[in-house]
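Q: Structure provided below as structure tokens; questions to follow.
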Amino acid sequence: MNAGGDYGGDEPREKCGVVGVSLEDREAARPLYYALYALQHRGQESAGIVTHDGFQQHSHVERGLVGDAFEEGDLASLSGGTGIGHVRYPTAGSLDKSCAQPFSVSFKSGSLGLSHNGNLVNADEVREELAAAGHAFTSDGDTEVIAHDLARNLLEEDLVRAVKHTMNRIHGSYSLAITHDDTVLGVRDPLGNRPLCLGKIDGGYVLASESAAIDTLDGELIRDVRPGELVVLDPDGTGYDTYQLVERESTAHCFFEHVYFARPDSVIDENLVYEVRRSLGRKLWEESGVESDVVMPVPDSGRAFASGYADAAGETTADGEPRAADDGGVEFAEGLMKNRYVGRTFIMPTQDERERAVRLKLNPIRSTVEGKSVTIIDDSIVRGTTSTQLVELVREAGAEEVHLRIGAPPILAPCYFGIDMATREELIAADASTEEIREEVGADSLSYLSIDAVADAVGESRADLCLGCVTGEYPFDVEGEATDRDVDAPVSDPAPADD
Ligand code: AMP
């Protein structure tokens, strides 16, 4: 189903979108607002903008969707040609406004605004150290920890060194858009876990979680921000400088951005997400294609997968033989209608309510499925709620056989770095085999895609991807969890000022 909305927990979840712009002779607020609209799928709990007019910082952060969070007057009061924005993922219960972003703070050497996508694993440690040094915190979010650490460093050194020292101190995933007075910065963690890209727009430059936001501003994608890189936009919108502040041998790009989270029209780490998904669908057919009368996607997340799968099925049979010209192949059809107005099902915290939510969201088209063998394609199974409900619905609508093909490997472990993926206890694949899951969801057959196929489709080696949710081994140190590499955890003291 669509990004956003299905999951919620009590802890803050940093599944978010960030943006920053620096403009020559235009106000930043409106482009930021449009960019946030383009990133709405990355977070629906709250939206916010911080701008700077050369003298003063302005901020507006409000609960709700972008369209509800800002009124005309709010945008008018956000004056200045530079600024950042943020959309935040929903959490259960009431919004703790102190956790909404951008986080803004004024301190001795100016003002800071911070938009963060990702999750630090050593935030508590850094918070304690800063608190002991006299910093007062207003939230328990890790964004404020980054802001205070940066503010402390900025008292003693220039911007680039200050950012470098903060990067040496914090551990975890982060893509940041920052304002330091009227200078906008973009920073991506040394493993490039969450996406961040740089673009040119009329009269200035933009940093955004996804390139679709740059398209929305009629701009052009320049490139991804590199892992460990700092990009500093000139306050007058005329250019930018870049600094490779931390270098690592490998990356840990999140494969799930490609599978589910990002918009299909975004380019992430040089790959158009739509094409990656189509390629995942093709591989799914090659690895575990099953002949059936109809192939249909779970809208919207399964669409690109299903179209790639059906294309490949038109070329070869499930046994890998070239398909004969008189063999009709597999029909690709829309067999499920989605109610586009059901989004925020996170306000349905119980399993019973989640099941109802699937029925509210999706309804079978009887003529597509009645009397047929049907293959349903989705990007992922998390709790198994969607699949179980869909198999039942499609059978009730008259399908004779229901096969499930999933464009990702089984999700067996939680994500700690920015995708809200439910707890281990809730994950259906955490301790069940594919056959057990098939039985539980009630399908005639079930296959997932292999990890190697995912790496192949994304065009990266396994060692350069974060596969934590499908292997249970993570690229950062998480208490109680295994790692998949020699982790470069930060030194416990801030780095010396001259390195
Ligand atoms: P579930 O019903 O829990 O098995 O969730 C699977 C469905 O949720 C699939 O249709 C996915 O497209 C979608 N999905 C996958 N990951 C997430 C996520 N992190 N947040 C919300 N929905 C998701």
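Glycine residues also receive a Cβ, built from the backbone N, Cα and C atoms like all the rest.
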Q: What range among 80-99, 100-119, 480-499 does TrEMBL describe as region 'Disordered'?
A: 480-499
Q: Per TrEMBL, what member of Ser301, Ser307, Ser450, Ser461 joins Asp378, Asp379 in binding Mg(2+) at one site?
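A: For Mg(2+), TrEMBL names Asp378, Asp379; of Ser301, Ser307, Ser450, Ser461, the listed one is Ser301.
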Q: Checking the binding-site residues Ser301, Asp378, Asp379, Cys415: which ones have Cβ within under 6 Å of ligand 1?
A: Ser301, Asp378, Asp379
Q: Determine which residues of this chain, when Cys254, Cys415, Cys466, Cys469 are set aside, have a Cβ within 8 Å of the centroid of the [4Fe-4S] cluster site's Cβ atoms, and list them as they appear in the sequence.
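A: Near the [4Fe-4S] cluster site, the remaining chain residues are Asn193, Phe255, Phe256, Phe417, Gly418, Ile419, Met421, Leu467, Gly468.
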Q: At the level of the C-alpha atoms, what whole-angstrom distance separates Cys466 ([4Fe-4S] cluster binding site) and Ser301 (Mg(2+) binding site)?
A: 21
Q: What is the total of other Cβ atoms whose distance to the Cβ of Cys16 (active site, nucleophile) is within 10 Å?
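A: Cβ-Cβ neighbours of Cys16 (active site, nucleophile) within 10 Å number 25.
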Q: Would you mind checking how many other C-beta atoms are within 10 angstroms of the C-beta on Asp379 (Mg(2+) binding site)?
A: 26
Q: List only the single closest residue to Cys415 ([4Fe-4S] cluster binding site), chosen from the recorded positions Cys16, Ser301, Asp378, Asp379 by CA-CA distance.
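A: Minimum Cα distance from Cys415 ([4Fe-4S] cluster binding site) across Cys16, Ser301, Asp378, Asp379 lands on Cys16.
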Q: Tell me the Cα distance separating Ser301 (Mg(2+) binding site) from Cys16 (active site, nucleophile), rounded to the nearest angstrom.
A: 18
Q: For Cys415 ([4Fe-4S] cluster binding site), just count the other CB atoms lying within 10 A of its CB, please.
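A: Total other Cβ atoms inside 10 Å, all chains included: 20.
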